[in-house]
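A.B. asks: So that we are looking at the same thing, I have put the structure below in structure tokens.
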Amino acid sequence: MAKRQAVKPVEEVMDSEETSSTIVEEMMDDEFAFGSGSEGEEEILPFERKAALRIAQQVAEADGAEKELATAVSADEEGRYDFTMDMGSDLEAVHQRFLKIVHTLQVFKDRRALHLKRTDYLSQLALDLSVYYGYSEWHISMLLELFPPVELIDYLEANEKPRPLVLRANGLKTKRGELARSLIARGVDLDPVGDWTREGLHVYKSQVPLGATPEYLLGHYLIQDAASFLPVLALGAKPGERVLDMAAAPGGKTTHIGQFMKNEGTLLANDVNEDRIPSLLANIQRLGICNCVVTNYDGRNLTKIIGATLDRVLLDAPCTGLGTVSRDPTAKVSKDGTDVLRMAHLQKELALAAIDMLKVGGSLVYSTCSITVPENEAIVDYLLKYRHVKIQPLPEAIQFGRPGLVNFRGKRFDASIKHARRVYPHTHNMLGFFVCLLVKTEPGVKGKRPDGSGPPKATVPKMKRKPRPMPNKRI
């Protein structure tokens, strides 16, 4: 891999960059950004002050991150670039070639070889990126439809680094500040995740195994990627409600919902995979969730059992996982367009069933850890056509992601899809994620298929066993 610019020590950055001190002062004035999330705690803790230093360092380095591309193309910047005359096959040659192709595409009229078309450069770019970063050509081609070439390189580079380990403090048993003090005393180096959550802690290094501390065993925290906080924050479950987590295992989002519900109301946690139920039950018990009923059904069957009785549904849908490459590098080559279409079909059926289980006025959060449009915006657009739902903006605190796409490959989606949010590893330092909040406005179905037939219903597979009715009384 190409060498990146050396990172200065935090102390040197703080001494040499005037802007850094200003940033730190502004951060220290924002008690919410580094607060523990508990009322009455306003003290700036040492780990919170260190977080300000780290962020100041990142700001000071930001301008230097773009120098590599300029260095690669400076030698022949004035001439036209013909990549067919530069076909070295070693990794460094491939690296230099795709950087030059990216620069050529930015100023195409002035830099292209006259006998080559833009599609020629894009085809060679896709091939070079797939060789250099180890992706399938299909995967790179899909990414080129989402990102401009310069940004795509940033995305691919971000996926070469693991995302920060994140802990979610369990508000039913502790407060973030108390948890941070306990873990720091055990030799854990950590920061608050950000001002959009009062529960998350970034872990940089630890002298103890975080899955075996007394705090972990007592259920004071869960190890969970920051992106998976977003669907639960969007859902906004409240005490006393009737809520379903439709694909719940291993329980990170279920227990987060239970934390918001404060163990009041009914929380239904379903997962189709029987082998994952033990881990779901273990996390529910360890984190002290007492109002939860665990079921093991195909989510498309739940409409028979539950009916239209729910206040909120979270569908973190089964997906290709193409936003999780930094965690699972096999996703670089293990999925293709057929997998995307297969998952999209299942996602539509599950989402229709989710809406059919809501009361009028009830909310559905649809999310995936994929970044493909067929698994995200296309699903939401489908729901808007065939069910009486509307999209709501996400809560203000989590509107930092990019808007959902309303135009893609010549297809125009409903304009309200802009209220959905996309997060990416190179822009938000999280796994790739999509989140959308919908509200049911009327019962029943609407619309017709292109062939004139009636609106689709959720496919209901044959059940392996006779379902038991869910309790109507609140727990």
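Just so you know, glycine gets a Cβ as well, placed from its N, Cα and C.
According to TrEMBL, the protein carries these features:
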REGION    1-20  region 'Disordered'
DOMAIN    155-441  domain 'SAM-dependent MTase RsmB/NOP-type'
BINDING   Ala247, Ala248, Ala249, Pro250, Gly251, Gly252, Lys253, Asp271, Asp298, Asp316  S-adenosyl-L-methionine binding site
ACT_SITE  Cys369  active site, nucleophile
REGION    444-475  region 'Disordered'
COMPBIAS  462-475  compositional bias 'Basic residues'
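Can you tell me where each of these features sits in the structure?
C.D. replies: Residue density at Asp298 (S-adenosyl-L-methionine binding site): 18 other Cβ atoms are found within 10 A of its Cβ, drawing on all protein chains shown.
Taking a C-beta cut-off of under 8 Å and a sequence gap of six or more, Cys369 (active site, nucleophile) has these contacts in its own chain: Ala227, Ser228, Asp316, Cys319, Gly321, Gly323, Thr324, Leu431, Gly432, Phe433. For the recorded site, Cys369 (active site, nucleophile), the DSSP three-state label reads coil.
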A.B. asks: Could you check the binding-site residues Ala247, Ala249 and say which one's CB has the fewest neighbouring CB atoms inside 10 Å?
C.D. replies: Ala247
A.B. asks: Between Gly251, Lys253, which of the binding-site residues has its C-beta surrounded by the fewest other C-beta atoms within 10 Å?
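C.D. replies: Each of the binding-site residues Gly251, Lys253 was scored by Cβ atoms within 10 Å; lowest is Lys253.
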A.B. asks: State the three-class DSSP label for Asp298 (S-adenosyl-L-methionine binding site), counting H, G and I as helix, E and B as strand, and everything else as coil.
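C.D. replies: In three-state terms, Asp298 (S-adenosyl-L-methionine binding site) counts as coil.
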